[in-house]
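Scroll down for the structure; my scribbles are underneath it.
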Amino acid sequence: MRLDRSAIEAAVRTAYTDHRNDSGGKNAGYIPYLASVNPDLFGVCAMTADGALFEAGDTGFEFALESISKVFSMAWAMEKVGLETFQEKVGADPTGEPFNSVISVALHGDTPVSPLVNAGAMSTVSLIPGDTAEDKWEAILQVQSAFAGRKISLSDEVNDSEQSTNFHNRAIAWLLYSGGTMYSDPMEACDVYTRQCSTLVTARDLAAMGASIANRGINPLTGDRVVSAANIPAMLAEMTMEGMYTASGDWAYRVGLPGKSGVGGGILAIMPGKLAIAGFAPPLDEVGNSVKAQRAVAQVAAALGLSIYKASEYSD
Ligand SMILES: NC(=O)CC[C@H](N)C(=O)O
């Protein structure tokens, strides 16, 4: 399968114009900062595995990375503790429950089940080596920056907004601690997890982060290896199972690309070896996925005939 550059450019542009005026959804309301972001912002990007960027709309606007950060912390934790240990300590199955579900944790003996829900992401953070919270945080910030190919920073405004309202996540962190699946101080893990959600990225950054995954762990913009190629399949598998929360199965049927969304309005989808598609629009559906970004990313994938489940149709 060869991806024609003019076809990618047209697909991105058309997805943007087709969905620019779509309505529906609501900004995340439980984090005050996110509720205040302009709901009309909308951007669509694609970046090929060799670093060519295609973009339309508000692709330079910085928004909160939120849950998409879970993918990159997962990458780093696997790198540090090894894939098998990571899978054994955090889990690798879909939960079938909302991303912040206490029920899922309770049903599974106070264990997280997946690294891409809040519970698993906090457990993941607790596995990241570092003597202090600052050490872990620095490592995570560096990993996000390496995937993006530029220095990613914390937004104090987003972080303050989240830290002063993250009581639900704190409760989950203590449940995991009682279940033996929190491998550091639970409040420290919750604090660092909250910070990793509060960094700012653009849709362009998101596309570059995804292109680094599509390019088997090498950032195409910097040429740096950001994760072992051997850990990429687990990341993609996890994104397929849990990346779009309780809509992951529907997304797999309809779109066929490993994806990850965040309540900041970002969505990332990966065609392994080929390209990443990124979208951003703040209003979310009930599940927590951006309404417009979902449609736009799905449309780009369909226009280019991309799906990991169609591999038998590709001639090269
Ligand atoms: N799904 C998300 O993007 C959730 C991230 C958010 N920081 C939370 O912990 O609830």
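Each residue, glycine too, has its Cβ placed from N, Cα and C.
TrEMBL lists Ser67, Asn118, Glu162, Asn169, Tyr193, Tyr245, Val263 with the feature substrate binding site. For Asn118 (substrate binding site), the same-chain residues that are 6 or more apart in sequence and have a Cβ closer than 8 Å to its Cβ are Ser67, Phe99, Asn100, Asn169, Ile172, Tyr193. DSSP assigns Asn118 (substrate binding site) to a helical segment in the three-state reduction.
Candidate binding-site residues: Asn169, Tyr193, Tyr245. Those with a Cβ under 6 Å from ligand 1, in sequence order, are Asn169. Look at Tyr193 (substrate binding site): DSSP puts it in a helix.
Residue with the densest Cβ environment among the binding-site residues Tyr193, Tyr245: Tyr193, by other Cβ atoms within 10 Å.
Each of the binding-site residues Ser67, Asn169 was scored by how many other Cβ atoms lie within 10 Å of its Cβ, and the smallest score goes to Asn169.
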